[in-house]
Amino acid sequence: MCVYFVSGAGYHSESKAKEYKHVCKRACQRAVDRLKAGALAVDAVTAALVELEDSPFTNAGMGSNLNLSGEIECDASIMDGKSLRYGAVGAVSGINNPVLVANRLLSEAQKGKLSAGRIPPCFLVGRGAHDWAVNHGIPPCPSEKMATKFSLSAYKRNKHKMELAEKVDTGFNHHSKKRRQASETENGSGLLDTVGAIVVDREGNVAAAVSSGGLAMKHPGRVGQAAHHGCGCWAENTSTLNPYSTAVSTSGCGEHLIRTMLARECSSAMQCEDAHQALLEAMQNKFISKSHTHCQFQPSMCVRRDTSHINMGCIYNGVCSLSLSLSLSLSLSFSLSVSLSVFLSVSLSLSVSLCFAQSLCFCLGLSLCLSLFLSVSLAFFLSLFLGL
């Protein structure tokens, strides 16, 4: 069994680091409990995302970013590696757990055609997604109850900044333009959070899911990568065409991830024998060189599994910052990876990791170890493997 989490790209307040850690632990535990009870990967990953959506500290479900109109619109998707089926919702309001709707769309599609031979939907947006969810027993939640004091205060700050920016545009000058650009750099890139999870169950099935409230102050109706097929998440069991089972979950600026279908590209790269090099080349050639963006956080979680090993990696800003290898024979092994940007990290498999940007990544299974990643230059950290 394996569970792997990310609580979102972007800048996370150090004052809330403890809360981020606790919510990810709870999500991890919920997924593990479901797996121990015999649930499949797709059900466990859904349970984990529900816990993350219910937290007021993540930009998903409860406490999501508000759009230009001061409303919450959420995106979510889920993919089952066993059936290759996918379910998603976009720009849906009034649903506290959009991943439940995505999972229900996936499961309903497995039942076959509707009356009169109609094809069941796999992706719904807006009011249609809300009504479909309510009709299928998913309870609604008034949008005003989904907003928290954190999301409301952030909306007020962002609205004030937009008003100042409009004044700058009216009375345009060189110095004010610089101040506006500096403000956008400091405050705009930290609002890219998408929560995600990857799960491998006892049978070796993989599943991935993502959920997001989207960019702060986004245009109403905007749908991010968290809902798009092959962009927010991807999961695929091993087959005659694929020697490895792979699962991917991404987080970052949705528009750039959509244009490059990053989740599917990472999954394809993981099929190569030298997955580490293939992932780096995929990020460089198919994302960084084509995205034409200066977004600072574009992480992607990846899992590759064959009959004897589970290999995991986290691609961060186009540099492989975390590489894990688990031998199912429970041999003591660790994997060292080097990030050429601002930090180096060493971690054993199945770890609970806190990245220097306060982005939480959790992996739990046959063994457990804890390591803390800090922003350092050319420093090494080694965590001790504990077999449970």
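Placed from the backbone N, Cα and C atoms, the Cβ positions cover glycine too.
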Of the residue ranges 99-123, 324-348, the one that TrEMBL records as transmembrane segment: 324-348
Surrounding CB atoms that lie within 10 Å of the CB of T194 (active site, nucleophile), all protein chains: 32
